[in-house]
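One structure follows; several queries about it will come next.
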There are 2 protein chains.
Amino acid sequence: MDERTTGRAAGTEAPSVRLLLADDHPVVRAGLRAVLETEPGFRVVAEASSAEEAVRLAGELAPDVVLMDLQFGERMLGSEATERIASVPGGPRVLILTTYDTDTDILNAIEAGATGYLLKDAPPEELAAAVRSAAAGRTALAPAVASRLVGRMRQREAALSRRETEVLSLVAEGLSNQQISKQLFLSQATVKSHLAHIYTKLGVDSRTSAVAAATSQGIIRR
Amino acid sequence: MDERTTGRAAGTEAPSVRLLLADDHPVVRAGLRAVLETEPGFRVVAEASSAEEAVRLAGELAPDVVLMDLQFGERMLGSEATERIASVPGGPRVLILTTYDTDTDILNAIEAGATGYLLKDAPPEELAAAVRSAAAGRTALAPAVASRLVGRMRQREAALSRRETEVLSLVAEGLSNQQISKQLFLSQATVKSHLAHIYTKLGVDSRTSAVAAATSQGIIRR
DNA sequence: CGGCGCATCGATCGAAAGGTGTAACGGCGC
DNA sequence: GCGCCGTTACACCTTTCGATCGATGCGCCG
């Protein structure tokens, strides 16, 4: 709530946390820079506007923490960049900073090795605290994210197989069983079979409600 | 790329454009502030974190331009706030600044009286230029937005009626014709009738593809 | 005032989708 | 090796959906 100085004295040797900002929105990068550089103990060493650039700069500059967006323009390589950066043993911690909070996004990011997951509507103090936690190696989750995680763990049924997800995606695009069977070189019976399994797993009983459920849970995008 | 001074001399009488930033993300507000205040001729007089606050501050402070987000937390009152601010005769110009660029969003915003429509991934120069245009009363559209608009005008068929949109939304949530009829106190015949019209207008032939088409065109959300 | 679009309801009929049961095959773990 | 799971596939039956005819009342506009 109230502002208070950290326990450590400031004048020792300035152990600033070195940051890399990765986001495709210039405005967001400027905002993060503004918010974080006013806080003591942070130094933004570089900005990346694409996932590829983030991976490259993370390797070259070896920052302490990478603040990473999950949505980069059209392609969603944010999670992949996270994985590549986080896989380096002594490498930077990766803090995900995104607008959305779908279950699968969160899970994927954590599986990719992210140290924390923040939402962009987080207040500056929360942001700064999370970065400090990440720099120290501690996990940092936004409250909204944390509650989603436990809810997700409680009913981990909704794990569709790769094929099922593929079928459901085509359903979401509006294709009929007929069209899906042709596109995937299957019989309609198989498509129906997949759909029946999907319905059971999602607890629904129609293609449209399956799409609705999967979309709200972030299993399929768009 | 390179920094350069503006053509106008700075010392005349400082006719700064007075700005109100309305966005629910603190980081974005800070970013806008950082980007715009480094440019000469802009002054941020206030920030609003909700649509209601934006309307109130716009009335009290009478800024020249309001930079307005369309998505405020859960409810989408951004367009409503735009309408209320823009309806005042001598009032501020409203510049929409959002992440999404769906057709109906753009159309609604412009109908609500917005002077311009920008995307958050716009580079700082484009942003500053748009604000200057808006302050001068000129319309400012992001290139991506402009091209969408003309494409939209070309095939303006897809205008669903209010009732049709309502039905389609329920379809998108996964309800059956039966359930929709009960929820809207209609007969299934009427629901079917609405759907048939919807299919004709959207050029599709199934509920799922109607949802897909409407979603991609931004007619329905989520 | 006579259309026109919108919203409401009805009936019919064929096609599509969903429910249930059954089964084969390959991979993976205990 | 045996069982579980994912993927593929088929048959039969019921329900739902979509397409195509209708029809009525209402408000708006030229």
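Here the Cβ of each residue, glycine as well, is placed from N, Cα and C on the backbone.
All TrEMBL annotations are machine predictions without curation.
Quick caveat, the model's predicted, so the values are computed rather than measured.
Annotations per TrEMBL:
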- A:18-135: domain 'Response regulatory' (DOMAIN)
- A:153-218: domain 'HTH luxR-type' (DOMAIN)
- A:Asp69: 4-aspartylphosphate (MOD_RES)
Would you count the other CB atoms within 10 A of the CB of the residue listed as '4-aspartylphosphate', including those on all shown protein chains?
25
Work out, from DSSP, the number of helix, strand and coil residues along the domain 'HTH luxR-type' (A:153-218).
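Residue counts for the domain 'HTH luxR-type' (A:153-218) by secondary structure: 45 helix, 0 strand, 21 coil.
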By DSSP, how many residues in the domain 'Response regulatory' (A:18-135) are helix, how many strand, and how many coil?
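Output for the domain 'Response regulatory' (A:18-135) reads 54 helix, 26 strand, 38 coil.
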